[in-house]
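Student: Let me begin by handing over the structure; questions about it come next.
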Amino acid sequence: MPKGTGRIVIDPFTNGLLTTLFGLEVVAVFAVLLALPGALPAGCPLTGPQAFAALAVTCLALFPLIGLVKLIAGHACALLSRTALAHLGDPVAKVKTRNKLRDQSWQLTIHSAMTALEAYILFVDGGGEHWLDDYRSLWTPHPHQQAGCAPVNSKRSVHLLYLLQMAIWIVTCASHRFLEERHKDYVMMYVHHLVTIALFALSYGFNFVRIGTAVIFLHDSSDIVIDLLKMANYLKLEGRRGGFLVWYGSREVVTAPGAYGMDGFTAAAGSPFTRGHSPGAKLGDGSFDLWANLRALPTHATLPGYWACGSLLTALLVMHVIWYMLLWRLLFRSVLGQTLHDGGADEYEGGSDDDHEARSLSPPPPPQPPTPRPSPPAPPLAVAWLQD
């Protein structure tokens, strides 16, 4: 980001490479649906061409929906900023700030809507499922055999969820590249979207719809807090924003590995696929042979797509750790006395965007009248006499 401009500059080669990968990924998803009859999981009510058409129509329908959501959110937040938040200096008066808030409103909308659909699948549809409290049911029986013995794959809501999520992330990635304001983590967010699209495609193709639905529910529901945090940051709601940050940090601590219940989840969820040690074995107790497990990974036939899904999930984990540390840095800076609004601008938003925009949009100062030049001092009498 050049100093004094407030504009975030992306390396053209990196941007072009990511855009090319995005195009190839979208083409691959649609080509697989159209050309490979067995690409859809067993129990899917749609054929390949029908899924192709449904995904294409959903993507096209999402673009005007994005515009509508952002338009409504922009007007509503601008009205709120001019009235109830006028004492804070009309926080979204700047065009760039208002655009960022509108972009975040779309994220809040999709995370809230998808959380509602996922909660319906997990707790209501067909009497609900036990995937959040009975982790062995995620893998029992094998994902390739679940369609014939469990009603989950006959639920149209599950296939609707995956179709909507795939379309949402394709459109969100396109919007991130071509439409939205850019943040300091533009490249990392771009990679996040590409990895997420690939994970949805592989998860659906390998029939990981049970664990996929549970993971998506936890992901989308927790992102609602982040969306509210960012929107509160744009509106300069200091007290409430700090509360959101503490809420998020507390949630991460509670769900971190090693916390109560998380070790049990890890052992139970992965136990059918352990190699070289007994189910539930932990590092340090002598029952876990690291090298034996690493040597066995290439032949991990019991878990299809192990390397592909594992690599993509690891990439997501690294990015989430970076964002997690960023949020805790903001909290630490707020404890030291810096406002979270200023800290967020330095760490995430790009620093002087609003200041630069305010300078560029403010009218130039009125011209000042020319200052009269002082008269030269009178020459001495001798010089005057000689001039005469």
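Backbone N, Cα and C atoms are what each Cβ position is placed from, and that goes for glycine too.
OK, TrEMBL features for this one:
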| type | residues | note |
| --- | --- | --- |
| COMPBIAS | 345-355 | compositional bias 'Acidic residues' |
| COMPBIAS | 362-380 | compositional bias 'Pro residues' |
| DOMAIN | 99-336 | domain 'TLC' |
| REGION | 344-388 | region 'Disordered' |
| TRANSMEM | 21-40 | transmembrane segment |
| TRANSMEM | 52-73 | transmembrane segment |
| TRANSMEM | 160-179 | transmembrane segment |
| TRANSMEM | 186-206 | transmembrane segment |
| TRANSMEM | 305-326 | transmembrane segment |
Student: Can you work out which residues elsewhere in the same chain, 6+ from the ends of the transmembrane segment (21-40), have a Cβ less than 8 Å from its Cβ atoms?
Tutor: 46-49, 51-52, 55-56, 166, 170, 173-174, 177, 190, 193-194, 197-198, 201, 204-205
Student: In the same chain, who gets a Cβ under 8 Å from the transmembrane segment (52-73) while lying at least 6 residues past its ends?
Tutor: 29-30, 33-34, 46, 101-103, 105-106, 109, 163-164, 166-168, 170-171, 175
Student: Please report, as numbers and ranges, the same-chain residues at least 6 past the borders of the transmembrane segment (186-206) whose CB is under 8 Å from any CB of it.
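Tutor: Residues packing against the transmembrane segment (186-206) from afar: 8, 10, 14-15, 18, 21-22, 25-26, 29, 32, 39-41, 143, 162, 165-166, 169-170, 172-173, 176-177, 212, 304-305, 308-309, 312-313, 315-316, 319, 322.
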